[in-house]
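Undergrad: As annotated by Swiss-Prot, ATP binding site applies to 114, 115, 116, 117, 118, 119, 120, 121, with the evidence given as sequence analysis.
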């Protein structure tokens with residue numbers, strides 16, 4: 001695996017059949033500057049963005065997939081070996097880490113949803129700090145991207161959390177790159193541009209806080225539901241593609257709405273319907289408890305059982321709570 005991976009990295013897009021200097025320049029200008037980025041693209045997107053014919057795009061993508069060894073059947077053992085590349089980011093709470101099988105996985109989308117004040121944004125701030133920590137402290141020693149849709153990022157909170165981890169606050173803030181998204185289309189554009197940042201910095205964590213707020217406010221009523229879901233689907237797949245290509249954690253927050261038809265049990269449902277439900281790899285429901293505590297329930301995972309635990313939000317950040 002290591003030898004093959006090294007060989008893949010040494011290949012350039014000029015090695016692809018049909019990609020000369022002019023085509024390579026178009027592809028690079030459009031953000032397709034390596035084999036893997038092209039291999040996971042769709043022919044339509046590649047053709048539209050780079051200005052090449054769709055037939056040529058299909059040939060280029062097929063060649064890239066062959067070189068990158070993606071899109072083919074693999075044995076379970078081969079997939080298991082590939083999963084050794086997966087890294088896990090600590091949440092700051094051993095309770096929550098254990099619930100997630102060791103922390104947040106790279107190459108996956110982890111969704112935290114809950115009511116206002118349930119701790120979603122606090123966890124995002126903590127993850128941002130933790131990602132900058134050294135590897136020996138269960139961090140990634142990496143930079144972080146945050147797409148802030150509700151103006152909730154607070155550098156003062158980062159400073160508090162960094163000091164609690166014995167990190168230099170100024171250096172920590174320097175490694176966290178924040179972009180304010182003003183509408184859903186701007187949010188989608190920022191996710192697409194994240195790859196440009198990943199080529200300049202080592203990015204192992206991309207946060208979207210919150211995922212659905214703009215979509216929810218801009219697309220109101222059943223008449224606009226189909227368009228909203230289509231855009232949201234594209235956005236989430238862009239995020240997942242980024243996580244796969246750059247071996248990064250994708251952490252998103254989501255809002256909830258009450259179902260008035262539910263008379264027994266919890267009426268709260270996350271926004272986004274099946275699109276978010278099917279695309280998010282891990283889904284965690286946060287609820288308020290007493291004395292700064294929050295109940296975190298894992299409700300969906302490809303391989304972990306459902307379960308819940310207690311975390312505490314303090315001035316120092318996210319810590320364990322008493323069960």
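Every residue, even glycine, has its Cβ placed from backbone N, Cα and C.
The model shown is predicted, which means the values in this text are computed figures rather than measured ones.
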Undergrad: Around the recorded ATP site, report the further residues of that chain (criterion: Cβ within 8 Å of the mean position of the Cβ atoms of 114, 115, 116, 117, 118, 119, 120, 121; site residues excluded), sequence-ordered.
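TA: Those within range, site residues removed, are 253, 286, 288.
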Undergrad: Near residue 119 (ATP binding site), which residues of its chain come within a Cβ-Cβ distance under 8 Å, counting only those 6 or more away in sequence?
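TA: Those within reach of residue 119 (ATP binding site), by Cβ under 8 Å and sequence separation of 6 or more, are 286, 288, 294, 311, 313, 318.
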